[in-house]
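I have placed the structure first, in the form of structure tokens, so that the comments after it can refer back to it.
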Amino acid sequence: MAKYIMAFDQGTTSSRAIIFDRSGKIIASLNQEFKQIYPKAGWVEHDPMEIWGTQIGVAKGVIEKAGINPEDIAAIGITNQRETTVVWDKNTGKPIYNAIVWQCRRTAPICDELKNKGFDKKIREKTGLVVDAYFSGTKIKWILDNVEGAREKAEKGELLFGNIDTWLIWNLTRGKVHVTDYSNASRTMIFNIHELKWDKEILAELNIPEQMLPEVKPSSYVYGYTDKSIFGVEIPIAGDAGDQQAALFGQACFKPGMAKNTYGTGCFMLMNTGEKAVPSNTGLLTTIAWGIDGKVEYALEGSIFIAGAAIQWLRDELRIIDNSPQSEEYAMKVEDTNGVYVVPAFVGLGAPYWDMYARGTIVGLTRGAKREHIIRATLESIAYQTRDVLEAMQEDSGIRLQALKVDGGASANNFLMQFQSDILGVPVDRPQVIETTALGASYLAGLAVGFWNSREEIEKNWNVDKHFEPAMDNEKREKLYKGWKKAVERAMKWAEE
């Protein structure tokens, strides 16, 4: 009887493999970084062969590290950096170009063209996304337009496209299976999230042949089996979801209105909206959360560009702290920020403002302002930005948030989590296992093979490490938030010519 599930967590900077047991505990984990390629300013690439090599290397290594046999693994679940695009030759299995990474801005001119034609409104309606170089559609077009002979080969059916999940599954099955899941497909900008199929009109506009696209399947499903030559046995590949959606699943956000926030360099916030695709009027993305149990569920997504990165700025540029955990210690030394607000709009502001010309600001300074006040105000800015996004989510969905589940590096900061709860006026829950992305992929795989029987069973695995209850009265909460809104106004449009 197989006792474990293995997750592949293929991220932007590293490939990781984690082995989980039935209670969702980590048995072993292994991680390997790979090369970031920057051919020109604003361009970012990865070598798909290196991604495959590092991912299979950590998978074999983690089995050894855990001291188990490949036969002990019931299934593999895959989660991945979203939007990153690979095009390869069907016959040789070799990529015709490096993977174009989600961060890469090279296709901005193609996006501008779509906007100038007014085609962006159509894309927004059909895919739930804004037209941006971030998503896969324009990256595929760029490869077909710029790699010699690519378009002819694609039209003859000799080329295949995939995001990283598709590329890994194709290699694990030695080319037998060309597939993706609903959550990853919903980030390509060419998938109709209402009709649940590749959109012929968008494909025609971008001149992408449909035969190069993978089949789209549920997120919890046996797609195929690993080729025997890889692990010595055939293991079912049974779960697939983009990283942020996998984290939503790993956090057991199964009901409409449940939300999670991942506090990393930036923040990614997703709210489950159930079987209803909620269009956003506030600059959020409408996306597929997952496809499971014969239906698709949707989410609203908002991203904050600068969160944990603001704490790094205090450490590396201002040098007023020596390490990130120290920020909590200093923030606790003062009762408040003494009227100081920091707006960390270092690269503009994301949802719900979408102001590329906003710049970082410190306001409310007086002669009594100390280092502690600036540090505390920087931490508080992460919580204020989270409230901005959540207010937008509540406005779009009409659903009131009951509690916020948190994960990611900065969720370890107790001061920040308590202030987050205070400023939202809702409880904040930090789980014991914060590797929620890999956990979500494991759950999806385990459900498909009967390792777990239901979402209810999974929910029982979700345990709170720390629960934060709001301790601030409403009058104070609203007064502080009003001050934040004023500070944001001062930061907006600053860099406009």
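For all residues, glycine too, the Cβ spot is worked out from N, Cα and C.
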*Thr12, Arg82, Glu83, Asp243 bind sn-glycerol 3-phosphate according to Swiss-Prot; which of Tyr38, Tyr134, Tyr221 goes with them?*
Tyr134
*What are the non-local neighbours of Asp243 (sn-glycerol 3-phosphate binding site), defined as same-chain residues 6+ apart in sequence with CB under 8 A from its CB?*
Asp9, Gly11, Thr79, Asn80, Gln81, Arg82, Thr437
*Drop a 10 Å sphere on every Cβ of the binding-site residues Gly308, Gly409 and tell me which sphere holds the fewest other Cβ atoms.*
Gly409
_All-chain count of other Cβ atoms within 10 Å of Gln244 (glycerol binding site)_ = 23
*Among all chains shown, work out which of the binding-site residues Thr12, Thr13, Ser14, Asn413 has the most CB atoms within 10 A of its CB.*
Asn413
*Spatially speaking, which of the binding-site residues Tyr134, Thr265, Gly409, Asn413 is closest to Thr13 (ATP binding site)? Use C-alpha to C-alpha, please.*
Thr265
*Could you tell me the C-alpha distance between Gly409 (ADP binding site) and Gln244 (glycerol binding site) in angstrom, no decimals?*
15
